[in-house]
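Here's the structure we're looking at; comments come further down.
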Amino acid sequence: RSLPRRYRGLTLVLTFLCYTSYHLSRKPISIVKSQLHPNCSALGPNPRNNSNSSTWCSWAPFDGDNYKELYGALDNAFLVAYAIGMFISGIFGERLPLRYYLSGGMVLSGLFTALFGLGYFWDIHVLWYFIIVQVCNGLVQTTGWPAVVACVGNWFGKGKRGLIMGIWNSHTSVGNILGSLIAGVWVSSAWGLSFIVPGIIIGAVGIICFFFLVEYPEDVGCSPPLHHDAGGVTSTEKDPEAVTSNEGPLSISGQSSADRSDSPKEPAEEPKAISFLGALRIPGVVEFSLCLLFAKLVSYTFLYWLPLYIVNVAHFGAKEAGDLSTLFDVGGILGGIFAGLISDYTGGRATTCCVMLVVAAPVLFLYNHVGQNGIGTSIAMLIVCGALVNGPYALITTAVSADLGTHESLKGNAKALSTVTAIIDGTGSIGAALGPLLAGLISPTGWNNVFYMLIAADVLACLLLARVVVKEVRGWCGCIARKRGSSVQLTESVLDGK
């Protein structure tokens, strides 16, 4: 009985570390931006008389007045490649061993992350070098999310999936926090190390993953998890006829599945991996994908631009701004857990997301106007913003993706989870690419306009879920009506008995 629990725990820990390292390697670029084009006048007189007195300390080619547009190009190179690659990645993830796919992608990601940092030590000042490295890194990082969600989905049923994945999804924020802190150590002295060290870390975790990750419960003699459909019917991924109690997989007679495996039976046909169009037909996939597009637009704009915003508006140094920006990710951890817990209790994934998105819009407005009025206010507002912005994003990319990847319409076919996850996160990654790009284009006109763009994105994300929310509310109303009808019938039968 303890064997499945041990492997479930191992799977959670390993996939947590894997995706923590993915985000750890993405974060340094947002910290280093403030160092590529710092305020040179604050550093003293120009020691090089033959260079521009106002940009002598900047790193070419980011020493011009268009440096924000170049930052946007760097972000966009990574995120567009990531969005395009994600749609392909899910298809490969269903057809290749997840352990090889995930660990190989992590090692390659570590290589390209380190190559960006080596540009500092090799004294490279060509924009295309950094762009190409970002594109390659964006492509290989698509191996991560479909693989880790598929692994967790293979081991856990729907019962407490929202809470479990809400806690597990804190790897995103933990990775951002660690990436900020690690990058901050060298950002002012040798910013190349801010990339090289995270690159080594993700590569090392990838090697650990290769040796210890278990993809399926069946690989170690455990039974697959239970999945409850909307009608309350319980089924397993691999064997729809199997029934599992708290004590383990049992048949009707109480005989274990291991014992039954000795009896002769027809060999089960291996289900085929779902097609891209087949995954799109699953109810809810399109709505949640489009919602995530705008939700991730907001989240990734904060991920890539928050430290620079704090430097420009609150006038902190690069390291202090990076450290302060981690509070947004602390809020993200709390928001993801809260969203998962509430959605498990109510059964309303879409409604939970919609309510948090509605509340996030005015909170973003307040943060922009009063968030820098004091360190206490700034800390509180960053945590609240992080919870409301990242809560829906975390819920959709984890529990919702796993729910839809094991939807009852699939009739127990487990080979859809990676594809569905890739479609949802790939669509969201389009928003992740647009957000930092738009921020780079809009920020020269004023930070107020950037926040108006973020608020509009939150509202659109909420509206795109309206149909699913209405369906959930109708389901609740129908359930209440049935309960009331049962109560009335019970009362009448009691009175008749009297």
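Even glycines carry a Cβ here, placed using N, Cα and C.
Taken verbatim from TrEMBL:
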{"type": "COMPBIAS", "residues": "231-241", "note": "compositional bias 'Basic and acidic residues'"}
{"type": "COMPBIAS", "residues": "243-258", "note": "compositional bias 'Polar residues'"}
{"type": "COMPBIAS", "residues": "259-268", "note": "compositional bias 'Basic and acidic residues'"}
{"type": "DOMAIN", "residues": "14-474", "note": "domain 'Major facilitator superfamily (MFS) profile'"}
{"type": "REGION", "residues": "231-268", "note": "region 'Disordered'"}
{"type": "TRANSMEM", "residues": "7-24", "note": "transmembrane segment"}
{"type": "TRANSMEM", "residues": "70-93", "note": "transmembrane segment"}
{"type": "TRANSMEM", "residues": "100-122", "note": "transmembrane segment"}
{"type": "TRANSMEM", "residues": "128-156", "note": "transmembrane segment"}
{"type": "TRANSMEM", "residues": "168-187", "note": "transmembrane segment"}
{"type": "TRANSMEM", "residues": "193-214", "note": "transmembrane segment"}
{"type": "TRANSMEM", "residues": "285-306", "note": "transmembrane segment"}
{"type": "TRANSMEM", "residues": "350-367", "note": "transmembrane segment"}
{"type": "TRANSMEM", "residues": "379-404", "note": "transmembrane segment"}
{"type": "TRANSMEM", "residues": "416-438", "note": "transmembrane segment"}
{"type": "TRANSMEM", "residues": "450-470", "note": "transmembrane segment"}
Exercise for the section: State the residues, same chain only, that lie 6 or more residues beyond the ends of the transmembrane segment (450-470) and have a CB under 8 A from a CB inside it; answer 'none' if no residue qualifies. Expected result: 284, 287-288, 290-295, 297-298, 301, 305, 309, 348, 350-351, 353-354, 357-358, 360-361, 364-365, 367-368, 389, 392, 431, 435, 438-439, 442-443
Fill in the blank from the handout: Among 70-93, 128-156, 168-187, 285-306, 416-438, the stretch with the most Cβ pairs under 8 Å to the transmembrane segment (100-122) is 128-156
Practice task
Count the CB pairs under 8 A between the transmembrane segment (285-306) and each of 128-156, 379-404, 416-438, then give me the winner.
Solution key: 416-438
Problem - Residue numbers, six or more beyond the limits of the transmembrane segment (350-367), whose CB comes under 8 Å of its CB atoms - result: 284, 287-288, 291, 295, 298, 335, 339, 342-343, 381-382, 384-385, 388-389, 391-392, 395-396, 451, 454-455, 458-459, 461-462, 465-466, 468-469, 471-473
Completion exercise
Counting Cβ pairs closer than 8 Å to the transmembrane segment (7-24), the top stretch among 128-156, 193-214, 416-438 is 193-214
Practice task
Using a Cβ-Cβ cut-off of under 8 Å, list the residues of the same chain that are 6+ residues beyond the ends of the transmembrane segment (193-214) and lie near it.
Solution key: 7, 10-11, 14-15, 17-18, 20-22, 24-25, 27-29, 31-32, 98-100, 102-107, 109-118, 151, 179, 182-187, 220
Problem - Same-chain residues near the transmembrane segment (416-438), Cβ under 8 Å, at least 6 residues beyond its ends - result: 71-72, 75-76, 79-80, 82-84, 86-91, 93-94, 98, 142, 145-147, 149-150, 153-154, 273-274, 276, 278-280, 282, 285, 288-290, 292-301, 303-305, 393, 396-397, 400-402, 404-407, 410, 450, 453-454, 457
Completion exercise
Under 8 Å Cβ-Cβ from the transmembrane segment (128-156), and at least six residues away from its ends along the same chain, one finds 7-8, 11-12, 15, 18-19, 22, 25-26, 73-74, 77-82, 84-86, 88-90, 93, 98, 101-102, 104-106, 108-109, 112-113, 115-116, 119, 164-165, 168, 213, 215-217, 224-225, 237, 397-398, 401-402, 405-406, 414, 417-419, 421-422, 425-426
Problem - Contacting positions for the transmembrane segment (168-187) when only residues 6+ beyond its ends and CB under 8 Å are counted - result: 12, 15-28, 30-32, 34-35, 152, 193-195, 197-198, 201, 303, 307, 318-319, 322-323, 325-326, 329-330, 332-333, 336-337, 340, 386, 390, 394, 397-398
Practice task
Would you mind listing the long-range same-chain contacts of the transmembrane segment (70-93), meaning Cβ under 8 Å and 6+ residues beyond its ends?
Solution key: 26, 29, 33, 36, 61-62, 64, 101, 127, 130-131, 134-143, 145-147, 150, 273, 276, 300, 304, 308, 418-423, 425-427, 429-430, 432-433, 436-437, 439-441
